[in-house]
Structures are given as C-alpha cells and as structure tokens.
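Q: Feature table excerpt (Swiss-Prot):
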ACT_SITE  H363  active site, proton acceptor
BINDING   11-14, K25, Q76, 81-82, 103-105, G140, E154, N169, N227, R333, K351, Y366, N377  UDP-N-acetyl-alpha-D-glucosamine binding site
BINDING   D105, N227  Mg(2+) binding site
BINDING   A380, N386, Y387, S405, A423, R440  acetyl-CoA binding site
REGION    1-229  region 'Pyrophosphorylase'
REGION    230-250  region 'Linker'
REGION    251-456  region 'N-acetyltransferase'
Amino acid sequence: MLNSAMSVVILAAGKGTRMYSDLPKVLHKLAGKPMVQHVIDAAMTTGAQHVHLVYGHGGDLLKHELTDPALNWVLQAEQLGTGHAMQQAAPHFADDEDILMLYGDVPLISSQTLVHLREAKPQGGIGLLTVKLDDPAGYGRIVREKGAVVGIVEHKDASEAQRQINEINTGILIANGKDLKRWLSQLNNNNAQGEFYITDIIAMASAEGQRVEAVHPERLSEVEGVNNRLQLSALERIYQREQADKLLLAGVMLLDPARFDLRGELTHGRDVVMDVNVVVEGNVKLGNRVKIGAGCVIKNCIIGDDSEISPYSVLEDSVLEAQCTIGPFARLRPGSELAEGAHVGNFVELKKARLGKGSKAGHLSYLGDADIGSGVNIGAGTITCNYDGANKHKTVIGDDVFVGSDTQLVAPVNVASGATIGAGTTVTRDVAENELVISRVKQRHISGWQRPVKKK
C-alpha cells in the first residue's frame, strides 16, 4: 500500500577495489554518465521527495561530480554492511513515508520496475525485488514457507539445502519509514562476514506477522551490479542494444545496431539513417531524412531536415538548418551555426562561427569567431586569425563574398558584401563593398635559373 510520500536511499560507499581505479566505483560511466546518476534519475522519476546518498570512499570526487542540490549526503565512515549503511541514513526517515533502497552500482534499474515494487508493498510489510537464476552461487537466497517469503540467507551463511534455492535477493526493497527504523535498530553482526545485513529485516518482518511481497523486474539486466570493468562493459552493451532497438522500432535506420552508441537523449524525425560507429552524446535533435555517415560523433546538436553528415565528422553544440552538408572529416565546435544549404567540407573547422544560407567552406579551413553571410565562397586554406595571443577577435563577412584560397583574415576585420579577395591575400583592414583585395608579392620570372647542387 502506498504512503503519500517516498524517499530513496542509494548506497554508494563501496571502494570498488576490483575496478583498479582512483575513481569511486559508482562514478564510472555507463552511456556517458556515472552509474549512480542513472540510479538517481530512476529514483527521481518515481516521484521521490528526498534522495539520500550514502557515501564513503571518494566523497570529494562524488560531490564534485554530483551537483544536484536535491541530494542529501550521508557519510558511512566505515563500511560495515548494507544494514549499517541504512542505519546512517535512518535519522532522515519520516515515520509516514516509504523508504526505497537502491544501489549506486546497479545502473539499469528502471523507474517502471520501481513503481511496480512500490505499488506491491503491503501495508506494514516489505516490497522485495527478487529474481531466479540458473546459477545463484554467491547470492543471498530467498527462503519461503508455504509460498510466503520468511527470510533471506546470505550464501556464506546458507546450508546446503538453502544453497539449492535459485530465487535470489537483488538487494532492492521498500518499507515504511517507521517500521524500517525499528528493524534497523535490532540488527546485529552475528554472521560469517561480521557485518550488519539489511536482509535480516525480512525475518524480523515475518516474525511480526508482516507480509513480504516479492516482485520480479522486467529484465534481469535491471538488477545486475558492477564490481569490475568487464561487468560494466557488458551492461554498456546491453544498454546500447536496448536503445538501438527502440530507435529501430521508432523508424530510425541503424545500418548496424551493434555499432551504435547513444550517450544521452535523441529525438528524431522520419527516415533518419545512421551508418556504423556513430556516437550520439548529450541532447541531439535530428530532422526528417537526416543522414549520418560512419564514425561521426554528434553532441548537443540540432540538425535540420535533409541534412547529411559525411563520415568521421565531429559536431558539438551546433545548430544546422535544413539541407546542410558536412564533411567528411569536418569539425563543428561549440557555437557553430549553419543556415539552410550551407556546406562545410573536409578538414574544415568552425568555432563560434555562423555560415549563412548557401555559403560554402569546402576544404582545409579554420573559421573561428566569424559571422559569414549568405552565398559566400570560402576558398581552401582560408584562416580567420582570431587570436592575438591574449584576446579573441571577430571576423565579419557580408553576403556574396568570394574568398580565394590561402587567405588569412586578421581579426578584427570586416569584409563587406560583394567583395572579392584574391588567393594568397592577408587581409588586415576592412574591405568595402564590391572591392577586389589582393596582397600577393608581384610574381617574377627569372630565365635559366640554376638550382643549387647538393654537396657530396
């Protein structure tokens, strides 16, 4: 039965020694964000009023990474078991709220399963998430009498008969705050590990005549924990395949779903096609009929209808209107904006640059801190020299400007509409409308020139 309020406790104090890392285990990333952030997000989605994060190892790193002001930080100075961790959080529990216990290293738990668990919790009893395994070795076993859950016995404390049980405890449970505080106060560490087990409260509830309702998750991967990098990589692939399947069913054509990574949120139009080894990060919005070539990385971008990103291009924090073409091997850095029909070709880099309607930068150019009008042609090898060693400066180019190859525009500088800049020119002063600017050294011809001979 639901209480009107619910708080969540996330256990995240483990050292993660098997990760062989200076980073706390729960900060290792899955799909681009820390494992524990996945758990926090699931908790928030269930409508939790408070999230208590129990931490120990690497507290400063955790607080630096997890900046949500809604988190209540609870220190577990010594790691003496799950029951001990919950005892540290217990002073924050209200009597009339549900307390949901989660783990920072179980990143794929879904909000749907948590809602189901909460709805199944009996009045005065416990909702418990369990699964059945073909090989339950190492896990706490669910002990039943006449079908009812009466206790959990850890593997090291289990008898041979109990070790034959294949229903295991996932560690995720929910109980009323008042009841939970009472049970936590009665825990002891009389077991093989010398730890305080949260699982002992199951027997306490049963002894009081309270019902324990076992619920199963939709997928086994939801309750799989991470103790080493091999397990983390396995969950990463499970997660990515799930995201790929959702996109395929929603109409996105992934040419090889096994070679696609989504590390954020993707919204899309119809008939989107993505080739192999595409990585999508942050918040990305793709319009209708967008094509993404092999090996591209797209982060926090909006890409308009009928645009095409050719292979091995990297786009970050950029906005592209309809019918833009990018790459191959192009880079759009944060602040890049392309109007309809703009083209950025191979080995061209943009940073805080706006390219107007139909403008083109086809080859080997750097355009930084630039505002470029419509119908502009940027020749190969053009550079906006935006940095003077101390400060950045802006280049402004009007409409219908032709910039010849190997041009340097030394900012701050303005090139008015209709101007033409000859190849090899270094522009240091403003250019007026329809002017031709050329600063090359006059070409000389020397007949009969003898090359130097190499000395032996």
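The chain as shown is numbered from 1 upward.
Note: Cβ is positioned from N, Cα and C throughout, glycine not excepted.
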Q: According to DSSP, which kind of secondary structure is N386 (acetyl-CoA binding site) found in, if we only use helix, strand and coil?
A: coil
Q: If you measure from the C-alpha of the residue listed as 'active site, proton acceptor', which of the binding-site residues G14, N377, A380, R440 fall inside 10 Å?
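A: Passing the 10 Å Cα cut: A380.
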Q: For the region 'Linker' (230-250), give the DSSP counts of helix residues, strand residues and coil residues.
A: 20 helix, 0 strand, 1 coil
Q: Between G81 (UDP-N-acetyl-alpha-D-glucosamine binding site) and D105 (Mg(2+) binding site), what is the CA-CA distance rounded to a whole number of Å?
A: 15
Q: With acetyl-CoA as the bound species and A380, N386, Y387, S405, A423, R440 as its recorded binding residues, calculate the greatest Cα-Cα distance and give it in Å as a whole number.
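A: So the maximum pairwise Cα distance among the acetyl-CoA binders is 23 Å.
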Q: Measuring C-alpha to C-alpha, could you say which of the binding-site residues G14, E154, A380 are within 10 Å of D105 (Mg(2+) binding site)?
A: G14
Q: I need the most crowded of these binding-site residues: N227, N377, N386, S405. Count other C-beta atoms within 10 angstroms of each C-beta and give me the top one.
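A: Most Cβ neighbours within 10 Å: N386.
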Q: Within 10 Å of each Cβ, count the other Cβ atoms and name the one among the binding-site residues L11, A380, A423 with the highest count.
A: L11
Q: Counting across all protein chains present, how many other Cβ atoms fall within 10 Å of the Cβ of D105 (Mg(2+) binding site)?
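A: 23, counting other Cβ atoms within 10 Å of D105 (Mg(2+) binding site).
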Q: Can you tell me how many other Cβ atoms are located within 10 Å of the Cβ belonging to E154 (UDP-N-acetyl-alpha-D-glucosamine binding site)?
A: 19
Q: Whole-number answer please: how many Å between the C-alpha atoms of R440 (acetyl-CoA binding site) and N377 (UDP-N-acetyl-alpha-D-glucosamine binding site)?
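A: Cα-Cα, rounded: 20 Å.
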Q: Fill in the CA-CA distance, Y387 (acetyl-CoA binding site) to N227 (Mg(2+) binding site), as an integer in Å.
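A: Here the two Cα atoms lie 47 Å apart.
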Q: So, three-state DSSP: helix, strand or coil for H363 (active site, proton acceptor)?
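A: In three-state terms, H363 (active site, proton acceptor) counts as strand.
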